[in-house]
Structures are given as structure tokens and as C-alpha cells.
Amino acid sequence: MVDLTPYPKREKEGEMGSLGNSANSKAVHEAGEDDYDHHKHLSPTHQQLDAGALFVLKSKGSWLHCGYHLTTSIVAPPLLSLPFAFTFLGWAAGIISLVVGALVTFYSYNLLSLVLEHHAQLGRRHLRFRDMANEILGPKWGRYYVGPIQFMVCYGAVIACTLLGGQCMKAIYLLSQPNGSMKLYEFVIIFGFLMLVLAQIPSFHSLRHINLISLFLCLAYSACAAAASIYRGNSSKGPTKDYGLKGDAESQIFGIFNAIAIIATTYGNGIIPEIQATIAPPVKGKMFKGLCVCYTVLIITFFTVAITGYWAFGNHSEGLLLSNFLDDGNPLVPKWFILMTNLFTILQLSAVGVVYLQPTNEVLERTFADPKSKELSARNVIPRVVSRSLSVVIATTVAAMLPFFGDINAVIGAFGFMPLDFILPVIFFNLTFKPSKRSLVFWLNVSIAVVFSALAIIAAIAAVRQIVLDAKTYRLFANV
């Protein structure tokens, strides 16, 4: 028998307005079941989902669909920066950092899922990260901390995907037209048009087929990158392999924390509750299966690319591994191979970008749509198209205007991905389940929170330092 006793109401709970509606309005008891269908069989007084939850976060998916969403959100083109991170760490520290990142994130994502399942069984299924923070930490944490940093991280990821997509398009263009006159911002705008179309897909669940293709694409470009690295590493004309750390002691220390920030951001997600919200009830155990799908792909791609890329190029590894396959614009591997690898990367970037648009879409839908009207009614379609198009136009403009956005994104990652993915999950678990202070779980969680809080602060300082060092090269709409 499932306990449907409501939680005692918090003071100021009303401050969250519609943010709490999805959690409070969808409980229904089904004998012998562990969870509740929060879209069906509800009385009129309970069916009060806001438009963001009703239209964007539909709970219709399976654990396999969840695996597709997780893979697209984590196993993305930033993994091509892992050999570069190794240049600051060396072999031993680099591999250890990869292993620790995999273990800690898999653990913390599962803790977050268990907390979500627990609240669902008590009749308060949370569909958004800020809903969880509102319930567990209090309304102000959800409104003024978790909500804003999640928005910054996700919208920053959309801008970064748009910029990287433009850079990959420019790389293809320069292969065919070495003296071409088109600028980077023009390719960013072209990629922005692709994002503009994909942004109109109504719900997160609707992306399941795109994200299945995305899963195969990340395997494809990772295999291509690894194969090209092995080819260059074995070539007599390949680069001289040097695995020593570059720079003076200060640069090396900051480089280590910069590398940790890169690896943490590569493992980052930031939207676990929103992905779990797409699962049809009962949700128990489904997220774990989805994470197993994701981490199978992750281990294959992350470790293969990081190890082969660093083995081939050593401390000459570029910020994006694909750049190592060109020497002053001349291809070091067959031209068609570089074109194919960049094409796979561009296509997956579009899927990653639209996944990270979902929290923004949910906010826009909640603000402008009417939950009492049909999803595809003119009343909802017109504001949806206008608001989503405007959000993509803004992201594309920022990407075109600030081609150095990667430096800014490192700061956002340190302040955003680390708290959302490493720190808050263990805090939520300890506050929800209250494990004994003598237990291993309690102290493991406390240790993770303390260590990664310190790393987040130091990584943010290192990222700000890098911005200061690079500031003299910054120019709006620069053709880099």
C-alpha cells in the first residue's frame, strides 16, 4: 500500500506559484503500483499542471528513451577536448580523473533518481530540478539558486553548441575553399537556422528518435577521431610524442584545475530531473537502466578518444581534437575522412543543442501557453513559435558575437555543472533519506560535497584567470 499522506506545507510555499503545481497536483493511488500516472485519471481539482509541465515534460517514455536522452546530454562533442585536458594532467592523473568522474557522476545521478522516485511514491512527483530544490531546501533555493544556475548552464550549452557547430562548418568550408572569404559568424548563423527548425519540436519526449540517431552519431565521430589519431600516431610523418607538462609551476597548477573543470563539464548534465520526468509511470528502476545505456556509450567514447588522442599528439593536443588533423589548413588524414567526422559532429551538436533548450522551452511554455487549450491550438502554437524562435535567435547572436564564449562557458561550468551534478545530488540524498552519521554513505556523500565544492571554486578562479590572459585577443564577431 502506498502512503499518500501529504507533506506538511512549508511557510512561503505559495511564493513558488506554478513551480510547485506539477509536484502537488498529480498524485493518484493505484493498488499494487509504486507510482502514478500524472497525466490521466485525475479529478478536476488535481489536474492543474502548468503548461510547461503539461506540454514540454510529457511522461510517456520508456527507460530506453531515457537512455537516449541521457546519452545525448552527456556524450557530446566536448568529449573531443579530453586529450587537451590530459596535456595538463599527464597519463596517470588524466586517466584517474576520467575514472573518478565516471564513478562520481554515475553515483550522484543515481542518488538524484532515488530521491525523485521517493517523492513520487509519496505522491509528489517532481518534474524539474527547481521543484526538487523547492521541496528539499526551501522555496528561495529553488527560485534564486538552482533555477538560475540551471538556466545559465543549459542556455550556455545551447550557445556553445551553436558556436562549435559554426566552427565545424567553417572547417569543412576551408577544406574545399582554402582561400574562401566566408567568416565564422556566417556559419554560426547557418547552424542557428538548423537549431531554429529543431527548436519547434513540441516536447522533450518527441526528441526520442532524434536522440537515438544522436547516440549512433557520437559513436561514429568518436570512432573516426580515434581512428585518425591512431593513423597519425603510427605515421612516420606524425608528430613527435611529448607527454611532459608545459609551462612554469604556476601555469601547471592552474592547468590542472582547468583540466578538472573540462572533465567535469564533459561529464555534466544538469537536467536529470527533466529527463526522468519524460518516463511514464511507474518510474521505479527505469532511470538506472537508462544510465546504464548512457554510461556504456560514455565509457566506449570518452576513454577511447582521450587515450588515442593524447597518445598520438601528446602535449600538442588542441582544444578540439579535430583541429589536430589539420596543419595550417592542410589535411593530415584523407580529406573525405575529415569531412565525414565534422558532419557527424555537426549533426549531433544540433541534437545536443535542442536537448539543452528544453528547460528554456519549459519556462517559455509555462509563461506564454494556456494549459486549458490544446497543445497544437493556435492559442499555444503562435506564442510557442515566436518565443522559441526568439530564444534561438538570441543564442545564435551571442555565439556569433562572442567566438571566445568557450572561456566564459568554463566559468559557467564551474559554477553550474559542478553544483548541479556533483554537489546537490548528495545533499538532496542526505536530507531526504537521513542516513546515519555513522554510515559509509553519509560520509561518502559529505566528502563528495566538500571536495567538489572546493574544486568548483578553484576551477572558477582558474577559468577567470584564463579569461584575463586571453582578453587581449577578444574581438566581437572575430573570425577565429
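A Cβ is built for glycine as well, from the same backbone N, Cα and C atoms used for every other residue.
The region 'Disordered' annotation in TrEMBL covers 1-23.
The domain 'Amino acid transporter transmembrane' feature in TrEMBL is assigned to 60-464.
Positions annotated as transmembrane segment by TrEMBL: 88-109 (among others).
According to TrEMBL, the feature transmembrane segment maps to 144-164 (among others). Beyond the ends of the transmembrane segment (144-164), by six or more residues, the same chain brings 19, 76-78, 129-130, 132-133, 137, 188, 191-192, 195, 268, 270-271, 320, 345, 349-350, 352-353, 356-360, 363, 391-392, 395-396, 398-400, 402-403, 405-406, 408-409, 412-413, 415-417, 419-420, 424 to within a C-beta distance below 8 angstroms of the stretch.
Among the features that TrEMBL reports, transmembrane segment is placed at 184-204 (among others). Long-range Cβ contacts of the transmembrane segment (184-204) within its own chain (Cβ-Cβ under 8 Å, at least 6 residues beyond either end) map to 55-58, 69, 158, 161-163, 165-167, 169-170, 173, 210, 274-275, 277-278, 346, 349-351, 353-355, 357-358, 361, 375-376, 384-385, 388-389, 391-393, 395-396, 399-401, 403, 477-480.
Taken from TrEMBL, the feature transmembrane segment applies to 210-231 (among others).
The transmembrane segment annotation in TrEMBL covers 292-313 (among others).
Look at TrEMBL and you will find 333-357 (among others) tagged as transmembrane segment.
Sequence-remote contacts of a segment are chain residues at least 6 beyond its ends whose Cβ falls under 8 Å from one of its Cβ atoms, and for the transmembrane segment (385-405) they are 155, 158-160, 162-163, 166, 184-185, 188-189, 191-192, 195-196, 199-200, 357, 360-361, 364, 367-368, 470, 473-474, 476-480. Summarising the annotation, TrEMBL assigns transmembrane segment to 385-405 (among others).
The feature transmembrane segment is assigned by TrEMBL to 411-433 (among others).
For 440-464 (among others), the entry in TrEMBL reads transmembrane segment. Packing against the transmembrane segment (440-464) from elsewhere in the chain are residues 104, 107-108, 111, 254, 257-258, 260-261, 264, 407, 410-411, 413-415, 418-419, 422-423, 426-427, 429-430: each is 6 or more residues past its ends and has a CB under 8 Å from a CB in it.
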Seminar exercise, completed: Across 88-109, 210-231, 292-313, 333-357, the most C-beta pairs under 8 Å with the transmembrane segment (411-433) come from 88-109
Exercise. Considering only Cβ pairs under 8 Å, which range in 88-109, 210-231, 333-357 makes the most contacts with the transmembrane segment (292-313)?
Worked result: 210-231
